[in-house]
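My questions will all concern the structure given below.
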Amino acid sequence: CPRCMQCDTKFDFITRKHHCRRCGKCFCDKCCSKKVPLPRMCFVDPVRQCAECALVSQKESEFYDKQLKVLMNGATFFVTLGTSDKSELMVCRLSNNQRYLVLDGDSHYEIEIVQISTVQILTEGFTPGGGNTRAIGMILQYKVPGSEELTQMKFTACEDLSCNKKLSASWLAAMHKATKLLYESRDQ
């Protein structure tokens, strides 16, 4: 690679090339000067990354530090499958290997994260002026292995005393951040 892939500066004896440890592209020092931790790729110390990758790595790091524990601990929701009128009280959590969304109640579901196609967070309290909103549920669409059709599940935070409403809202907020990270990484 004779030139920086960001600013097109030619590499020579003075302008050396560096590669981003996340995307592997070649950059000059100015375009690849950020040093950010990258534990998911087994780098112990902060490593050189381009500006775009550094931003994603910082978001991932914040997510792993704050949101991942919330998702793995789980929360209780009323879950409605497809177009059914009947909902079931279930505990929803992320599996220990972080590859499945596990739902436990009278029924048991394990949804592989890579099979999830869309996640829509349902909110209430929105005002036209941009007031505060609160997450009250989500709609999830995913492919069942062996089928090309999408299956839909609706999660609604329960309102009774047996459920922790605040925990459900925190779980939904963490899920929203997780899906944003997934969509951003798919776009790269």
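Yeah, the Cβs are placed from backbone N, Cα and C, and that goes for glycine too.
TrEMBL does not curate its annotations; it predicts them automatically.
From TrEMBL, for reference:
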DOMAIN    1-53  domain 'FYVE-type'
For the domain 'FYVE-type' (1-53), provide the mean pLDDT of the predicted model.
92
Just to be sure I understand, if DSSP states are collapsed into helix, strand and coil, how many residues of the domain 'FYVE-type' (1-53) fall in each?
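Secondary-structure composition of the domain 'FYVE-type' (1-53): 9 helix, 12 strand, 32 coil.
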